[in-house]
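As annotated by Swiss-Prot, GTP binding site applies to 165-172, 190-194, 212-215, 282-285, 312-314, with the evidence given as sequence analysis. According to Swiss-Prot, the Mg(2+) binding site annotation covers Ser172, Thr192. Positions annotated as domain 'Obg' by Swiss-Prot, on the basis of sequence analysis: 1-158. The domain 'OBG-type G' feature in Swiss-Prot is assigned to 159-331. Swiss-Prot lists 345-424 with the feature domain 'OCT'.
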Amino acid sequence: MFVDKARIFVKSGDGGDGAVSFRREKYIPLGGPDGGDGGEGGDVILVVDPNMTTLLDFKYKRKYVSERGQNGQGAKCYGRDGKDLYIKVPMGTIIRDVETDKIMADLAHKDDKFVIVKGGRGGKGNVKFCTPTRQAPNFAQPGMPGEERWISLELKLLADVGLIGFPNVGKSTLLSVASKARPKIANYHFTTITPNLGVVDVSGISSFVMADIPGIIEGASEGVGLGFEFLRHIERTRLLVHVVDISGSEGRDPLEDFLKINEELKKYNIKLWDRPQIVAANKADMVYDDDQFNKFREELNKLGYKNVFKISAATRMGVEDLLKECARVLSTIPVTDMEIPEEERFVPEDKHFTYTIRKEGDTYIVEGTFVDRLLASVNVNEPDSFRYFHKVLRNKGVMAELEEMGIKDGDMVRLNDFEFEFLK
């Protein structure tokens, strides 16, 4: 089964908690604190597997969580870091953040990998909180929670050449004779309902990947037929082979077919319309008058399309010349990565921890990323830890800012769900 879209939940490992521990040994009366730090949480990393061609695996498993960091221990023993979780994806996978619908990464090469969520930082053990005036801290820092998010995976096939054209014009037959691919072939519309890939070996010249793209009909850019479900697979191709039924066996005019398909490409993505095209006038074995082909070629020449081949995929007439021309044209087109527009690019959350203060009645509310991080790293119910919490607020300038705003003794200060009474 070919699956080219998936949505999964990823969560990195939480950091391990720092340890509260004191050295207790015979004949050592002043052992002091010796709590070790917690380990780092494991990352979740997407990595390209060249052997994968579909996102089918994600149809059955949608939740991926990496390992938590181990807690610190006494004797200054650090916790073990959590193991990173590697998720294999096919080459050509685009990763989007579901919440913003922005593109986070485009994994288009064999060795590409991307850290989708980073593990939480391990908490510090109580030995790290020793000062000349606080020689036996009775608190440690909890580990930071790991990141989590829903992401969507979107596969855009990596092919050098894309076969486009109306249904039943012979695209699948052409792919089957040009490569070892074995797509379903029958004499009815939409025989092909998923893209098919084949490696074409042009003897003595080169080899390239060809894709049979189904579902392009009039209105496809607006969702008609199979719609734009498969139009996106053309985006990575460097060259398009536009297959038309020159025999008009279904009562359609080949020139009109050609113009309609190009109009759909233009509506979907203007860059596709500008992509180099070779025209394959297929089913020529059913045409007994060369004037029909010559007239078609003349009209295309007027429109600027010079590469027009008369072929029959069924009898293989003209197919070899067509493939040689594909190889020649490809050699003149550089391989480039897909550009991600600035407005579609995911912007990571600002790692600079900031805060704002506002007043509601007699309560001063402090909020922001600085507050979230601070509360996650202390235990406000433990006296030593609360004093450390108060010191951080003062060193950060929060207390001074509150005083400038006119706070008085007895007023309440709220940080998220935690409140305390202000005293100078």
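Placed from the backbone N, Cα and C atoms, the Cβ positions cover glycine too.
Structural mapping of features recorded in Swiss-Prot.
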| residue | record | Cβ within 10 Å |
| --- | --- | --- |
| Gly165 | GTP binding site | 26 |
| Asn168 | GTP binding site | 17 |
| Lys171 | GTP binding site | 31 |
| Ser172 | Mg(2+) binding site | 25 |
| Pro214 | GTP binding site | 25 |
| Lys283 | GTP binding site | 22 |
| Ser312 | GTP binding site | 23 |
DSSP three-state assignment for Ser312 (GTP binding site): strand
Ser172 (Mg(2+) binding site) versus Pro214 (GTP binding site) - Cα distance in angstrom: 9
Whole-number Å value for how far Ser172 (Mg(2+) binding site) lies from Lys283 (GTP binding site) (Cα to Cα): 13
Local backbone state of Pro214 (GTP binding site), from DSSP in three classes: coil
Gly165 (GTP binding site) and Ser172 (Mg(2+) binding site), distance between Cα atoms, whole Å: 11
